[in-house]
């Protein structure tokens, strides 16, 4: 080789499903990380915060591929993804995956290396938030108390009601641990996401193996909404707060009902803390 010139670099092979013309502006790739849950835990905040990072591209809508649209196939799923360069990570979020029995196996079959993010929150608060959201769309639904109990005087909680069932985190986690090691699942505290967003997002960035770019300087606390907002959004460079459906004032619930629910969730919470090696202090 004359003058010690290095050999010409081999161009990287384009991933399956991408034509030669797609390689320049980036390529649509299957996600390397998925926010799989939980509903009303703070998943939208995590997605909006992480997509500020230059090494992350996120799908803004929930594709519901691994629960509702699996029959459409992986190429359909890939076609929804944003274009990325080799140095970037594709992320999507669909919070219902966490409680979908088939989702762990389906994601594992796509890639056993997928990183999973679960945003958890005090299950009692989460259930009330879930009910509040449903009530805003269907004002004629039964009361929270009516839906919570099969028999209130006996303290029998109705675990078939989705708002209650989702918060039984230890039960759902078992399905995921059949396919993924704990080292591939990162748990975000929904409470700390409000009180210390930079700290929680720092851990998310570490988990994804990217530099800690998102720090305190990215956030300000919005007193009206009662949670942190971004000083600059990924798309416009203007302050960005989550939409009006976030931060709704919760329905007032009888304190006795809340106490009964705390008692119901306690054993599930303790098992969850022991399994993940993290105390979320919901007691």
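Any Cβ shown, glycine's included, is placed from N, Cα and C.
Predicted, not measured: the structure shown is a model, and the values here were computed from it.
Looking at 1-28, 29-56, the range tied to region 'Disordered' in TrEMBL is 1-28. Note on proximity: of the recorded positions 40, 42, 44, 129, 249, the one nearest residue 241 (disulfide bond) is 44, by Cα distance. Taking CA atoms as the reference points, residue 40 (active site, for sulfotransferase activity) and residue 129 (3'-phosphoadenylyl sulfate binding site) are 7 Å apart.
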